[in-house]
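Visitor: Annotations per TrEMBL:
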type	residues	note
DISULFID	C146-C181	disulfide bond
DISULFID	C147-C168	disulfide bond
TRANSMEM	12-36	transmembrane segment
TRANSMEM	48-73	transmembrane segment
TRANSMEM	85-106	transmembrane segment
TRANSMEM	210-230	transmembrane segment
Amino acid sequence: MSDQRRKTLKTILQLTCQILWVVGLVVGLSGVYLLMNYRQSSLFLSHSYITLPAVLALTSAAFLLVSGCLGSWLSLRESTFLQGLFVYLLVLVFCLESTTSALAYFHSTKLDSELAPLRGVFQNYTGSSQDLNSRAVDAAQEELQCCGVHDYRDWLETSWFNRTGGLCVPHSCCNSTFPSCNGAVNQPWQLYAQGCQVKLEIRLQFVLSFLIWGSPLVFLVEVVLFLAVAQLMRHQPVMDYQVLDKN
């Protein structure tokens with residue numbers, strides 16, 4: 001192999017490893033974001049299994065960053081052992097990413113059942129700041145800018161609504177563009193129009209989509225890396241034998 005071609009392969013290897021770092025950061029941040037969403041919405045979710053893709057994504061991100069560092073080192077130093085280790089890490093990362101994507105896709109198709117406890121949490125609303133469920137409902141409605149499970153009319157079926165006179169929904173349902181809103185059901189235009197279930201589904205679907213598409217992206221980057229390393233490994237022994245012959 002000519003020195004120019006070897007230099008080109010090493011440049012491709014270094015640039016691709018930098019892309020690997022970026023992909024690792026995206027995958028890692030997606031995992032962190034999913035864990036943060038679970039922490040904020042754990043009362044509304046039926047299982048904690050949805051955190052499995054996040055844990056695998058963080059593990060995969062760590063290996064991606066390590067692989068990127070090792071690949072960059074290989075672009076500066078030739079070592080058959082390190083090349084083999086690099087290929088092994090790439091295979092391991094692909095297995096982790098494939099599992100992460102499969103789990104993320106599975107959970108993305110089950111979000112409706114995952115959010116089954118949401119209605120029960122709303123039904124148990126008391127309006128007390130000491131009640132964990134009530135604080136979670138108010139926080140969700142204010143942050144997601146939603147009202148009720150599907151819309152404000154869900155509040156009409158709750159025991160809290162009947163106990164408080166049947167005139168108002170929680171103040172957290174008030175649209176922030178109406179400062180004078182007091183939650184009156186006879187002024188529904190002042191309330192958030194969408195329910196919290198669809199908002200939660202959109203948020204979770206958004207982060208899960210990053211994890212789903214992470215595997216194909218990693219696969220494309222790894223194909224380039226495999227080709228570059230294979231070419232370097234293919235010609236490495238020839239150079240070694242030439243040195244031995246001269247000796």
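Every residue, even glycine, has its Cβ placed from backbone N, Cα and C.
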Visitor: For the transmembrane segment (85-106), what are the same-chain contacts with Cβ under 8 Å, counting residues 6+ beyond its ends?
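Guide: For the transmembrane segment (85-106), the sequence-distant neighbours (Cβ-Cβ under 8 Å, at least 6 residues beyond its ends) are 27, 52-53, 56-57, 59-60, 63-64, 66-67, 70-71, 74, 208-209, 211-216, 218-219, 222, 225-226, 229.
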Visitor: How many Å separate the Cα atoms of C147 (disulfide bond) and C181 (disulfide bond)?
Guide: 13
Visitor: Using Cβ atoms and a strict cutoff of less than 8 Å, what residues sit near the transmembrane segment (12-36) while being 6 or more residues removed from its termini?
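Guide: Residues 50-51, 53-58, 60-65, 67-69, 71-72, 74-75, 97, 100, 204, 207-208, 210-211, 214, 217-218, 221, 224-225, 228-229, 232 contact the transmembrane segment (12-36) from elsewhere in the chain.
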Visitor: Provide the number of Cβ atoms within 10 Å of the Cβ of C146 (disulfide bond), excluding the reference atom itself.
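Guide: Result for C146 (disulfide bond): 24 neighbouring Cβ atoms inside 10 Å.
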Visitor: Using the alpha carbons only, what distance in Å do you get between C168 (disulfide bond) and C181 (disulfide bond) once rounded?
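Guide: Answer for this pair: 10 Å between alpha carbons.
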Visitor: Could you say which of the disulfide-bonded residues C147, C168, C181 has its Cβ with the most other Cβ atoms inside 10 Å?
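Guide: That would be C147, with the highest Cβ count within 10 Å.
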